[in-house]
Each structure stands twice: as structure tokens, then as C-alpha cells.
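K.L.:
The structure is given below, and queries will be raised subsequently.
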């Protein structure tokens with residue numbers, strides 16, 4: 001649904017329902033960690049913490065979620081709560097430093113300033129006036145529907161239930177306060193220099209104190225950051241505008257990382273060691289946004305909504321009709337004209353808006369206007385969803401328009417390149433990493449800047465997620481989410497905003513109808529009425545609804561699941577024209593399966609009532625039988641008492657009473673004689689046992705001696721074995737060494753032989769050359785002799 005339609009509130013109700021219902025069975029057995037709540041309490045209390053740091057007032061919604069979340073509640077095999085986890089996407093960082101006039105910054109800032117906990121103001125060195133802090137006072141500072149003081153107590157209590165320590169809570173509050181002081185730092189331009197310098201250090205001192213930094217180092221890092229040029233670091237001068245932008249970027253980064261840390265910390269609390277088998281995911285995505293001024297954040301939000309609406313359309317209109325065809329149901333395919341792929345491709349495909357934005361971010365000289373020019377060159381007149389906007393007087397300038405499923409949105413592209421690159425002053429980040437505030441140093445511990453060293457082993461720069469562009473990270477997270485959603489059986493809750501004035505009991509009919517048309521709700525109702533929205537496997541149907549007429553499926557003989565389901569349905573008094581039998585499932589028109597459920601509930605109610613009546617009858621008869629037995633016992637006791645009272649004064653009875661004790665003495669003597677015989681027998685058995693015991697003790701001593709001797713022998717053998725194993729290991733090592741040496745010598749021998757062969761060949765070659773040279777010399781000598789002879793002959797002449 002659109003922004004302000006009630007998605008977050010419904011998410012809370014769904015989560016509360018699952019958390020309470022799934023834990024009911026274990027109420028008596030629940031173990032509660034001291035200082036923490038139960039698991040279901042923690043799941044519910046995660047919401048106030050997330051809302052405090054992730055929700056803010058917008059034009060259309062006083063409590064708008066400025067991030068996306070996917071909450072998974074995990075259940076064990078018995079259906080009881082096992083654990084939970086939360087995934088968040090794309091927190092709107094820009095809101096930390098900038099808000100429109102009718103909007104507000106994140107709730108946590110105003111909760112702290114509510115003065116409900118004065119000790120917080122003292123700890124953070126702040127006043128309770130929001131207009132003293134530039135970052136949080138650009139729009140409204142109060143919201144009529146929100147009590148910031150009460151919300152602060154709810155947030156603080158949520159942290160306690162979630163098991164946050166005092167140090168963790170105070171660290172989060174300190175960083176929040178430091179961000180407020182960051183917005184008040186002032187800088188001025190040096191005379192005749194393009195260089196900024198601090199215009200007072202009070203706010204910087206407070207920020208540095210809260211962040212565990214040195215104030216002078218912080219200001220130096222902002223005004224004179226060190227950058228890498230080639231292989232050397234040089235100090236770069238910054239003008240006032242550059243320092244202001246760097247301060248804002250650092251404040252946004254601290255807030256975003258703190259928010260992500262909080263989500264990770266909540267997940268650590270909600271993670272239990274209990275086995276889990278199933279999960280129910282609750283996806284709360286920011287609604288479609290059309291404001292007067294729409295920027296990069298709105299494009300990401302609206303792109304996400306396009307993907308989810310396409311998922312809904314595909315599931316509702318395409319997969320539904322494909323299911324009919326696959327199951328062999330007579331059906332004529334209907335094209336509802338709800339395909340949004342053209343708009344999605346325009347944004348995410350190669351040479352789409354996101355792709356061109358990322359390409360421009362790679363060029364140092366690229367500007368917002370060159371980005372606009374590339375968009376126009378690639379899409380204006382080529383894509384029906386991309387249009388040139390009509391700039392209306394009095395409204396913010398727009399650079400291009402996109403036709404989304406929910407309407408046409410005019411986008412302003414100023415600052416998109418910077419928002420997408422999201423660069424940070426790495427000199428200040430290095431200070432953060434060495435901060436004495438443990439949380440701040442942990443938040444930036446894995447940050448790797450543009451000057452990160454190259455991993456020679458892999459030939460890649462060790463860059464962290466810091467240098468993945470915002471648009472690329474958002475697309476990656478969105479694709480993971482869509483993959484997750486496709487693996488589930490989705491249920492869609494449509495939230496409809498009744499009016500744009502936030503007035504109770506007022507319904508703007510055209511607005512509501514527009515949402516119903518855009519969201520595909522009306523088409524969904526059409527296909528539900530015309531089609532068969534409910535279906536169930538034959539086996540499951542037979543098992544669940546056989547109770548409606550057990551006689552329809554005879555016992556003791558095998559009947560195919562489909563035939564059994566057909567017989568069962570045929571025996572029921574329902575409209576059979578509203579059912580269809582597929583290859584594996586039975587299909588029902590809307591409402592018919594609900595009627596069967598009501599019939600089943602009624603049948604179960606009658607059966608349970610009968611069981612209760614029979615059980616009560618059995619219990620009553622058992623109680624009546626006990627009463628009868630008590631009555632008979634009382635009558636017998638009464639009869640005996642009356643009989644005794646009648647004879648107790650009779651003389652013969654008196655004589656019996658006197659003789660009766662004497663009769664026992666004769667029996668006593670007999671018992672005494674029997675006991676003496678028993679005693680003698682037991683005594684004799686005892687003596688035999690004692691003798692046997694002594695004999696066994698002597699035997700045990702000898703066996704213990706033998707055992708000790710054997711143990712000593714075993715020990716000696718073990719020592720010998722250890723020595724032998726040690727010698728064996730040594731010999732094995734020697735063998736390996738010798739084999740290695742042999743191998744080495746063999747290799748050397750082979751090398752030497754090869755060299756020898758080469759040298760022999762060379763020698764032969766040289767000898768041949770030498771022989772040739774000798775022949776040449778002999779020839780030359782002969783020639784020389786001949787020449788000299790001729791010379792002498794000539795001289796003699």
C-alpha cells in the first residue's frame with residue numbers, strides 16, 4: 001500500500017499475534033533470563049526500538065517507516081516459537097541531516113529532547129530545545145499524535161527487554177547526541193585562501209567528547225584530510241562547502257551503521273539454539289511515494305514497490321491461470337494488462353536508469369546534468385514510461401518523469417551522484433576506528449577506503465561494502481528478497497489509505513478506487529470470483545474432510561485418493577458446480593472451502609460434545625458405584641456394632657474375653673521353638689558364608705598379586721613397544737631421507753649423464769671442426785709453399 005495506509009501497524013499486529021499464539025502452549029514451562037523478557041516479549045519489543053531509530057513524520061504519515069524490514073518468525077516441528085530474525089533495507093540516511101518543512105527527523109532525537117530522562121541531556125551535553133540543533137529543526141519538531149516522552153520510556157524499556165547492556169544503550173544515546181552537535185559545527189573561509197577553518201570549537205569539542213575522539217584531530221581531519229596520490233599521502237585543503245558536506249556524510253554514516261548494528265544486536269537476542277523447521281515472514285516495505293520533491297530515495301522506494309507489485313501480479317494473474325492449465329481445468333486465459341516489466345527494465349536493466357547512474361559515478365568529471373543528458377539520450381522518446389516533466393510554477397524543479405503503476409512521479413536528480421557514491425572523509429573514519437568509544441570503533445572496524453591495499457594473491461583490492469554504490473547494494477538486497485519471497489507461499493495484505501488529510505472516518509472515494517485499480521485488487525477479485533482460488537491436494541482433502549461422512553469411503557479396501565475425494569464430495573450436500581477436479585488437486589470457488597470448514601467444525605463440535613457426554617456419564621456411574629459400595633460398607637459396620645452391643649454382657653462372652661489372651665501364649669511357645677530352629681539354621685549358614693568369604697579373600701589377594709605382576713609385565717612390554725616404535729619411526733625417517741637422497745643423486749646423475757652426453761656431442765662436433773680446420777691449414781700451407789716457390793722462381797728470374 002501507499003505511505004500512511006497502515007502497513008507498519010498491521011505488521012505489528014501480525015507479529016504480536018504470532019508471538020503470543022505460538023507461545024501459549026509453553027506458558028507454564030517458559031524460562032526467562034534474568035533482566036530479559038521471554039522470546040515472544042523480545043519479538044514484540046523489537047518494534048519500539050526499530051521505530052525510534054527508523055521511523056519519522058512525513059507529509060502523509062506521522063509514523064512513517066523510513067526503512068524496509070523483513071521479519072522472519074521461526075517455528076519448531078510442533079509449531080511452537082523457536083526464534084526470529086530481522087532483515088532491514090535502505091534506511092533513508094538523508095533524513096538525518098535534512099527534512100522538508102512539514103516533516104521531521106527520526107523520532108529518537110525528539111524523544112531524547114523530551115526531558116523525560118534529564119540525566120540523558122546532561123550526559124549528551126544538550127538542551128531540550130530542538131531548535132538549538134540544525135540537523136533536526138528544519139521541519140516540524142512536534143507531532144500531535146505522538147508523545148515523545150512516553151515513547152522514550154518505551155524505547156528504553158524495549159532495550160532492557162532485548163538484553164541491551166547499560167554501556168550499549170549509553171553508547172547509542174551518545175552517538176545520537178554527537179550527531180546533533182555535528183550539525184552545529186561552523187567553519188569559515190580563510191582570507192585570500194580556498195581553505196576552511198573552524199569558526200569556534202565548542203560543538204566540535206562536545207561531539208569529539210561523546211565519540212571518544214580528540215577534538216583537534218577531528219577538526220584537522222575535516223579541514224585538512226590526507227589523501228593518497230600515487231604511493232604517497234598528501235594533505236588536501238578543503239573549502240567550507242566541502243567540509244560541510246563531509247560532516248553531513250559522516251553524520252549519516254554513523255547513524256546508518258548504528259542502526260544496522262542495533263538490528264544485528266536484536267537478531268543476536270532473538271536467536272535461540274532451539275531447532276526450527278518452518279518460518280513465517282512478515283515483509284513491511286515503505287509504501288509508494290509521490291511528493292512534490294522526489295529524489296533518489298523515492299526512486300529506490302518506488303522501484304521496490306514496482307517489483308513487489310509485479311510479484312503480486314505474476315502470482316495472482318499468471319501463476320494462478322497456469323495452475324488451472326497444468327491441472328487440466330477448463331479455463332480461457334485472461335490478460336489483465338498488469339505487466340509492469342517495462343518500467344522495471346527501464347530502471348534496472350543494462351543502460352537503465354540505475355545502470356547509467358552507476359556508470360556516471362565512475363567518471364570523476366560527471367555531474368548531475370551529464371547524468372540527465374544521458375538519461376534523455378537513452379530513454380526519451382524510446383520508452384513510454386520515461387517522459388519529460390512539466391515544470392509547474394511554485395513547485396520544485398523536476399528533471400524527468402516515470403510512469404509507475406500507481407501514477408506518474410516527477411524526479412529531481414540534484415545530488416544523485418553524491419548520494420549513490422556516498423563518499424566519506426577517510427581521515428576522520430581512521431579516527432573513528434581508533435575511538436575510545438567501543439561502539440564507534442566497532443561500527444567502522446571493517447571499513448576499507450579507496451586506498452585499501454591490493455591483495456597480491458588474488459589481484460583484487462580489499463574493498464569493503466563501503467565502495468559498493470547505494471543503488472547496486474539496494475538491487476542486490478532486493479534480488480535476495482525476491483528470491484526469498486518466491487520460495488514461500490505468499491499472502492498479500494492490501495492497505496488502503498482512505499484520505500490524504502489523515503482525518504478519521506473520511507473516505508475519499510476516487511482516491512480509494514485509484515488505489516484498488518493500481519494495486520490490482522479489483523482484478524484480483526475478478527479472477528477470484530471467476531476462477532477457483534482455493535485448492536487442496538486429494539490426499540490432504542480426504543484426510544481432513546473424511547470426518548464429514550466417514551461412510552462414503554469404505555474401510556478395509558484401497559481407494560485411490562482422487563476417487564476417495566470424489567466420493568466424499570459427492571456424498572455432501574453442497575453446490576457441486578462450484579468444484580473442479582484437477583490431476584492432483586480439487587479446486588473450489590471462493591467461499592466453498594470456508595463452508596466445508598464450517599461443516600467440519602460443526603461435525604467436530606457434535607463429536608466432541610458426544611465424547612464429553614459419554615465421559616461425564618462414565619465418571620458419574622463410577623462415582624455412583626463408589627457411593628453404593630460406601631453404603632454397603634456402612635450397613636455391614638452398623639450390623640456388626642449392633643451384634644457386639646447385644647452380646648458384650650453375655651457371661652459366656654465375658655469368659656471368652658478372659659480366655660482369649662491365654663490362647664495366645666501356647667501359640668507364642670510354638671513360635672519361639674520355630675524361631676530357635678530358624679536361628680540355628682541361619683547361624684550355620686552364616687558360618688559357612690564366613691568360611692567361604694575368607695577363602696575368596698585369600699584367592700583375591702593371590703589374584704591381585706598376579707594382576708600386579710601382569711601389569712608390570714605389560715608396562716615393560718609397552719615400554720619396549722614404544723622404544724621399538726620410536727626406532728621404527730627413526731628408521732622410517734632415515735629411509736625417507738635416504739630415498740630422498742637417492743632420488744636427488746639419481747636426478748643429479750641423470751643431469752650429469754645428460755650434460756656428459758651434451759659435452760660428448762659438443763666434443764665430437766669440435767673434433768670434427770678441428771679436423772676440418774687442420775685440413776684447411778694443410779691446404780693453406782701447401783698453397784703457401786706453392787706461392788713461395790713461385791715467388792722464389794719469379795725472383796730468380
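The backbone N, Cα and C atoms fix where each Cβ goes, and this holds for glycine too.
Note: TrEMBL annotation is automatic and uncurated.
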K.L.:
What range among 432-454, 455-477, 478-500 does TrEMBL describe as region 'Actin-binding'?
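P.N.:
Going through 432-454, 455-477, 478-500 one by one, TrEMBL flags 478-500 as region 'Actin-binding'.
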K.L.:
To test your reading of the ATP site: which residues beyond 1, 2, 3, 4, 5, 6, 7, 8, same chain only, put their Cβ within 8 Å of the Cβ centroid of those residues?
P.N.:
61, 287, 495, 497
K.L.:
Find, among the binding-site residues listed as 4, 6, the one whose Cβ has the highest number of other Cβ atoms within 10 Å in the structure shown.
P.N.:
4
K.L.:
Across the domain 'Myosin motor' (1-601), what does the mean pLDDT come to, as a whole number?
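P.N.:
Summarising the domain 'Myosin motor' (1-601) by its mean pLDDT gives 88.
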